[in-house]
Amino acid sequence: MASPDGASGVGGSPEETELSITLTLRMLMHGKVMAGGSKGETVKRIREQSSARITISEGSCPERITTITGSTDAVFRAVSMIAFKLEEDLGAGGDGVSAGRAPVTLRLVIPASQCGSLIGKAGAKIREIRESTGAQVQVAGDLLPNSTERAVTVSGVPDTIIQCVRQICAVILESPPKGATIPYHPGLSLGTILLSANQVRGHSISKG
C-alpha cells in the first residue's frame, strides 16, 4: 500500500502517479529533536535513509520549521523515522517502566486554504481520517502568527501517525492551496511586531 489514498485520481496508475509527485511537508518541531548529537546526526541519518531533502529553519526560538521534500515514499519514510525517534525520546525520558506506548505528537503546518478540504463537509473528512487510522487529528481554528497557515496536530503511536499523515497528504495533493501562501516563521511572534509598532508610535507622539 505505498500509494496514498486518492492519489490515483490525478491520472495514470497509482504507482505512476506516486513516482511523478514531489511532496513538501512542513512541520513545527523543537530544534533539539532533530539535532541529535554534536553535528546533527539525527537529521543526517534520516536524510540518508529516507532519500528525502530535509531543511530546518534557523532561529533562536526553540521551535523550528522542519521542511521535508521528496517523492511521497521518501517523505513518508522520513515522517516514519521522525515519529519513531520522538517515541524513543519519550521512552528515554520515562522512569524505565513501560506503561504502554506513549502517544507521539506531530504538528504539520498547512496552508489555511487547504484545511477546508481536510476537515470536509460538516467535519466528515477529518472524522473519517480519525476513525480509519486511530490517530487524533486537530486543525487549529486560528492562523499561525503573521502567516496564512494553520497547525494540524496529529497524535498517536507512530504506526497510526504515519497512516494519518498519508491520508492528510492525499487530501492536500488533491486540493492545491488557493492564492498566495504566507509561510509561518516561528521567530516572528506577533508580540514582537506589536511591541515594535508601539515603540514607533511612541516616538512619533513624543516628537509632536
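In case you wondered, yes, glycine gets a Cβ from its N, Cα and C as well.
These features come from TrEMBL:
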DOMAIN    17-87  domain 'K Homology'
DOMAIN    102-173  domain 'K Homology'
Model confidence over the domain 'K Homology' (17-87) (mean pLDDT, whole number): 87
DSSP residue counts for the domain 'K Homology' (17-87), split into helix, strand and coil: 35 helix, 22 strand, 14 coil
The domain 'K Homology' (102-173), counted residue by residue under DSSP: helix, strand, coil: 37 helix, 20 strand, 15 coil
